[in-house]
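Database features (Swiss-Prot):
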BINDING   Ser68, Glu79, Phe80, Asp81, Tyr252, Ala253, Val254, Glu255, Lys274, Ser288, Tyr289, Tyr290, Ile291, Lys292  ATP binding site
BINDING   Glu79, Asp81, Asp199  Mg(2+) binding site
BINDING   Asp199, Arg248, Ser249, Ser250, Phe251, Tyr252, Ala253, Val254, Glu255  GTP binding site
BINDING   His263  Zn(2+) binding site
Amino acid sequence: MKESRNLENFVEKKLYECKKKYVDIPKDEGQRYGGKHYEALTSKIFEILRKENPELDIIIAEFSLEGSVGMLKIAKPNEFDLVFKLKFPYYKSIAVTRDPKIPGNVLLDMTRVLELLKDDPREDFQRIRELIQGRLVDAQNFFVVDRLRSWLQSLFSQALNRISYRVELVAGVVSHLKYRTCGPAHTIYVYGDYEYSVDYVPAICLAAEQNVLPTKQLECFKRANTSYWEAIPKPLKPLTETSMISFRSSFYAVEKILLQDVHENCRNAIRFMKKFRDVKTNLGNCKSYYIKTLFLWKIIQEPESYWLNPLSFILADMFDDLAENLRRGVITFFWDPELNMIDALTRDQVWEMYLCVQRIPRDLRGAEISRNKWSFFVLREFSHKKERNVNLKCSSRRKRNVIKGLKTTSICKLRNARTNGTWTAGLWTRPGHAYRGPSETVSTWDTVKDAAWSEGIVE
């Protein structure tokens, strides 16, 4: 029992050491990217957008930074997702229905909104009516995903052309910008002394009473006590009868509250799994939201005390969940269990992710791993090699010299201690003499590797 507790404490210590070095955002990086420059860029872009288009100025309600720097972001914060909410006049009169063809999506009928706007004498509201009717809805008054996307794309392009795709947000430092669209996002890439990207994602604001949630999810929504949710204009493939007018339901504010209301071990585990995903080249198809979704399900399935377990226990359990979901080829959308979020991936893509993840729970539990190996396991799985090299301030030559010394010293000591000049495991040795034969034992070389791994100098 005591040995088990000591191992548990050792594992926790190594995880938190790794977290501090490779998972947490360094304070200077958070200020550099998540602070003044990022805020100044967003203020500048939307100042121009509002000025160039009075209609957009009326309907933009607020901004929210998803996966905020202090909560779920990891390491160097150079990618951001910012949701800007579009609140149309009389938005509570939008007729919201579940998309019968696409789980997790809704249809937005603007008929009643247009009627109310038509009877409203205010000039700015008349311009909004003309915008909706002329550019954003189809003949049946349903909001069209691609029309909203095209309208916003033209506005972003105009705004960036206005400043020649460059800004000086810090005195004497010019940043160059590039713009593209991908899915629902309007992405701006920043180059120069400050390098990062921002996905600006539009979201149509809807009232709490307009939700179309199943019973269990509705309970979560009510518990969070939020007054709104959003519909995201996410283009869909393949095309269906409704895909052009189908918007993805989004409950980011509710998700944020659910994650904040449990112990920080939950959020730390999410960040570790995201770091693991970033380190592994064959997990490119594992989106951050898939990981977040697994934790949302866990929150409603387990008592609050679950999150008081050691971080190593939670991580192993959540990697088990991820592996099992990938094995079955299903990650269920939290807000509509009928939607399999990885359904669009091929079987080979899903299986590749499964093979990468399936061994991790066993290794995290560390039952058959020496402490030295476990130390390196944590480094290897939750940090990039380049990060480790920088942290160790260790040159390639120094690595080779240290490894060479470890091999010579460890083999000599091990052989002399074990064999004393006798025939062992098919290898003849003499006292004080080291010779590596073709039948060198695995345990000998494992011992050498353990010593190097414990120093974090060799993989």
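These residue numbers are counts, starting from 1, taken along the chain as shown.
Using the three backbone atoms N, Cα and C, a Cβ is placed for every residue, glycine included.
Overlay of Swiss-Prot feature records on the structure.
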residue	record	DSSP class
Glu79	Mg(2+) binding site	strand
Ser249	GTP binding site	strand
Val254	ATP binding site	helix
His263	Zn(2+) binding site	coil
Lys274	ATP binding site	helix
Tyr289	ATP binding site	helix
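Between the CA atoms of Val254 (ATP binding site) and His263 (Zn(2+) binding site) there is a gap of 17 Å. His263 (Zn(2+) binding site) is surrounded by 14 other CB atoms, counting those within 10 A of its CB over all protein chains shown.
For Ala253 (GTP binding site) paired with Asp81 (Mg(2+) binding site), the C-alpha to C-alpha distance reads 14 Å. By the criterion of other Cβ atoms within 10 Å of the residue's own Cβ, the least surrounded of the binding-site residues Ala253, Val254, Ile291 is Ala253. Sequence-distant neighbours of Ser249 (GTP binding site): residues of the same chain at least 6 apart with a C-beta under 8 Å from its C-beta are Gly104, Asn105, Val106, Val212, Trp229, Glu230, Ala231, Ile232, Trp335, Asp336. Rounded to a whole number, the C-alpha distance linking Tyr252 (ATP binding site) with Glu79 (Mg(2+) binding site) is 18 angstrom. Between the CA atoms of His263 (Zn(2+) binding site) and Glu255 (GTP binding site) there is a gap of 15 Å, rounded to the nearest whole number. Annotation: Asp199 are the binding-site residues among Asp199, Phe251, Glu255 whose CA atoms are within 10 angstroms of the CA of Phe80 (ATP binding site). Lys274 (ATP binding site) sits 17 Å from Glu255 (GTP binding site), taking the CA atoms of both as reference points. Calculated from their C-alpha atoms, the gap between Glu255 (GTP binding site) and Glu79 (Mg(2+) binding site) amounts to 20 Å. A sphere of 10 angstroms centred on the C-beta of Glu255 (GTP binding site) encloses 21 other C-beta atoms.
The two recorded residues, Asp81 (Mg(2+) binding site) and Tyr289 (ATP binding site), have Cα atoms 12 Å apart. Counting other CB atoms no more than 10 Å from each candidate's CB, the binding-site residues Phe251, Tyr252 peak at Phe251. Distance noted between the C-alpha atoms of Glu79 (Mg(2+) binding site) and Ile291 (ATP binding site) is 17 Å. For the binding site of GTP, formed by Asp199, Arg248, Ser249, Ser250, Phe251, Tyr252, Ala253, Val254, Glu255 according to the record, the largest Cα to Cα distance is 21 Å, rounded to a whole number. Considering only the binding-site residues Phe251, Tyr289, Ile291, the residue whose Cα is spatially closest to the Cα of Asp199 (Mg(2+) binding site) is Tyr289.
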